[in-house]
Amino acid sequence: MKTLDYWVYLALTAGKLYMFSIYTDTPFSFGFFLISLSGALVLSSWTLLIGSKKRRWILLSLLALHSTLLISDVWYYRYFDDLLSVQLISSMTQMSDVGGGFMSLIRWTDFFFFADFFVFLAFILVLRKRQKPLPSTSNKKLAGVILASGLVIFAAPLLSSVVKGEPWLSGNAVSDMREYYELGFWGYHGYDLAKGAVSLVRDASPSEQNQALVQEAFAASITENTGEQPNVILVQLESLQSSLIGQEIGGEEVTPYLNKLKNEMLYFPAFHHQTHEGRTSDAEFTINTSLHPLRTGSVYTRYADSTFNSLPETLRDGGYDTAAMHAYEKSFWNRDTVYENIGFSHFFSKEDYPDTEKIGMAINDEDFFLTSIEHMKQLEEPYYSFLVALSSHIPFEMPEDRKQLELPGYEDELVRNYYHSVHYVDGAVESFVNELKAQDMWDDALVIFYGDHDSGLVEAGGEMAKELGVQGTTEQFELFRTVPLWIKPPGLAKGETVETAGGQIDVAPTILEEAGIDQGFMLGTSLLSDTERLTVFRNGSFRKGDLYFEPDLTTAPGSGECYSIESGKKVEDARCEPYIEDALNQLRISDTVIENNGLEYIETQ
Ligand code: GP9
Ligand code: MN
C-alpha cells in the first residue's frame with residue numbers, strides 16, 4: 001500500500017490519545033476519541049500531498065510533537081488537574097522557581113509516550129526501499145477525503161451543541177477540561193493557541209450577557225456596617241491542609257500548638273481553599289478580592305492591572321494603613337505591581353528581612369513572623385497587615401536538626417518532609433502569637449490564620465491518603481480542599497469550633513464586617529453570619545452545606561454527581577441541581593471582572 005506509513009501514523013497517534021486518559025485517569029469515550037482523532041486527521045491530511053520519502057519524516061515529527069505535548073500535559077495534569085495552555089507562557093519564570101516538587105510528578109513509565117517514535121522510525125527504515133518520489137493523483141483525492149472527514153467529525157458535535165443551545169462554547173466552558181472534552185486533544189490546543197493570539201489584539205470588553213451578571217451581583221452585594229476598627233493581622237500559611245489538625249502519627253501530634261488554638265480562636269474545620277493553577281498567588285488573590293482564580297494561570301501574572309474591589313483598598317479608604325509582608329523577591333508572582341494595584345501602601349519583601357537561617361525558598365517562618373511584628377509596630381493604627389509565610393513550601397526541605405518527628409510507617413520522603421516542615425511551622429506560629437501577646441498586639445486585634453492550599457501530596461491512593469484512611473469521593477474532596485482557618489475577633493474570651501462551611505472567597509467580607517466597613521462588590525459572605533453559602537471551585541464543583549457536587553466535565557454544564565459529605569454517599573441529583581447554574585455564573589462573573597475589567601463597566605445611579 002502506497003500510504004501504509006500514513007495509516008500506521010494514525011494508528012499510533014490514536015493509541016496515544018487513549019494512553020493519555022489511562023495515565024491521567026480521565027474518562028475516554030468513543031465520541032471523544034472520534035473528535036480527538038478528527039483533529040489528527042485535519043492536522044496530518046496535507047502530508048499525503050507530499051512524496052512518501054519526505055512525508056514519513058514529517059509524520060515522525062508530528063508523532064514526536066504529539067508525545068511532547070502529551071507528556072507535558074500529563075505532568076501538568078498531575079499537579080493541577082488541568083491542561084497546559086499558551087496563556088501560561090507569562091508565568092513560566094515563576095513556575096521554575098516554585099517547581100521544587102516538579103521531579104515528583106515524573107514517572108519513568110511516562111516515557112512510553114515516545115515508544116511510537118522508535119516504532120515508526122524502524123518502520124521508515126524498513127520501508128526506505130519502497131519510496132514513491134511524487135504524490136499520485138489518488139493520494140490527492142485521499143488527502144481531500146481525510147481533511148473533509150476530519151472537519152465533518154470535528155464540526156458535527158459542535159453544531160449540535162450550538163443547535164441545542166449548550167453553554168460551553170467560546171469561553172463559556174468555564175473550565176479547560178470541559179473544553180478539552182468538547183474539542184478533543186488537538187481541538188483544545190488549537191483553540192487555546194487561537195485564543196492566545198486573539199487576546200493579543202482584541203478589545204477585551206465584556207459580553208453583554210456576562211456584564212449583566214456582574215451588574216446584578218454588584219447590586220446584590222452592597223452591605224452597610226458600622227463599628228470599631230480593630231487592627232487586622234491576616235496570616236497565610238504555606239501548604240497547610242486541615243487533615244493535619246489533630247492528626248497524630250505514632251502517638252505524636254503533628255501540629256501540637258495549632259491543635260490548641262481552637263481554645264482561644266474560632267476554628268473552622270469546613271473551610272476550603274479555592275485555588276487553581278496560581279497556587280499561593282490564587283489564595284492571596286481570592287482572600288484579598290473575594291473573586292475566583294482564573295481557569296488558566298494566575299491573575300497576578302495575567303491581569304495585574306484590572307480593577308478590583310479589594311480588601312486592602314476598601315480598608316485604606318476606611319482609614320486603615322495597609323501592608324503586605326512576604327520575605328521573597330518582591331517581583332515574584334508580580335506581587336509588587338499587584339499589591340500596589342489592590343491598595344497595599346507598603347510591601348515588606350526579602351530586602352526588609354534579616355539574613356538569618358533560610359528554610360527552603362526564604363528566611364525561616366519564625367524569624368519572618370518576629371521581624372514582621374517589628375514592621376507592624378511602625379504602621380499607623382488601625383492597620384491591616386497581610387503576612388505570607390513560606391517555610392512549608394514544596395519540596396519541604398528542612399535542616400536535619402529541625403526534623404523532630406519519628407513518623408513511623410511513612411516512607412515517601414516528600415510526605416515525611418511535609419510533616420516535618422508543618423511541625424516546624426506550628427512552633428513558629430506559637431512564637432508569633434506569644435510575641436503578639438507580649439507586645440500587647442493580640443487582644444484587641446482581629447487575627448486570622450489560614451492555609452493557602454493543600455500540600456500537593458493528596459492524590460487518591462498515595463501514601464498520605466492511604467495512611468489517613470481516606471475513602472470515597474467526599475473524603476478525597478475534603479482531603480484536597482479543606483484548609484484550616486482560625487479567626488480571633490477582637491476581645492474574644494474563649495475559642496470554639498464553628499462548623500460553618502465556606503471558602504477563601506468569604507474572608508474579605510468577614511474582615512470588613514468586623515471592621516465596620518461596607519464590603520461593596522464581593523462574591524463571598526461573612527463567615528460570622530448565619531447564611532448558608534455556596535462555595536464554588538474552579539471547575540464548577542461546589543459545596544453547599546452538607547452537599548458536594550462534582551460536575552461531569554465531559555458534557556455540557558448541568559450534569560454531575562451530588563453527594564452528602566456526612567454520609568459520603570450519592571444523593572438525588574435534584575438536591576444539587578438548583579445551585580449548578582449559580583455556581584457557573586459565579587465563575588463567569590469573576591472572569592468578567594478580571595479578564596474584561598467588568599467593574600469598569602458598572603452603572604451606578
Ligand atoms: C513564593 C510563593 C510560592 O513567593 O508564592 O508558593 P506557590 O505559589 O508555589 O505555592
Ligand atoms: Mn503556596
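Note that Cβ sites are derived from N, Cα and C of the backbone, with glycine treated the same way.
Together with THR280, ASP452, HIS453, the Mn(2+) site in TrEMBL holds one more listed residue from GLU238, GLU411, GLU496, which is GLU238. The binding-site residues recorded for this entry are GLU238, THR280, ASP452, and the Cα of THR280 lies nearest to that of SER52 (3-oxoalanine (Ser)). It is 30-50 that, among the stretches 7-24, 30-50, 57-77, 105-127, forms the most Cβ pairs under 8 Å with the transmembrane segment (142-163).
Residues 3, 6, 9-10, 13-14, 17-18, 58-59, 62, 66, 135, 139-140, 142-144, 146-147, 149-154, 157, 181-187, 190, 554 of the same chain lie 6+ residues outside the transmembrane segment (30-50) yet bring a C-beta within less than 8 angstroms of a C-beta in it. For the Mn(2+) site, the Cβ centre of GLU238, THR280, ASP452, HIS453 serves as reference, and the other residues of the chain with Cβ at most 8 Å from it are GLN236, LEU237, SER239, LEU240, HIS273, THR275, ARG279, ALA283, HIS393, GLY451. Sequence-distant contacts of the transmembrane segment (57-77) (same chain, at least 6 residues past either end, Cβ-Cβ under 8 Å): 5-6, 9, 12-13, 16, 19-20, 23-24, 26, 40, 43-44, 47, 50, 83-84, 102, 105-106, 110-111, 113-114, 116-117, 120-121, 124, 185, 189. If one looks beyond the transmembrane segment (105-127) by at least 6 residues along the same chain, the residues whose Cβ comes under 8 Å of a Cβ in the stretch are 4-5, 8-9, 12-13, 15-16, 19, 23, 52, 56-57, 59-60, 63-64, 67, 70-71, 74-75, 78-79. In sequence order, SER239, GLN241, HIS273, THR275, ARG279, THR280, ASP282, ALA283, VAL483 are the residues near HIS453 (Mn(2+) binding site), counting only same-chain partners six or more apart with C-beta under 8 A.
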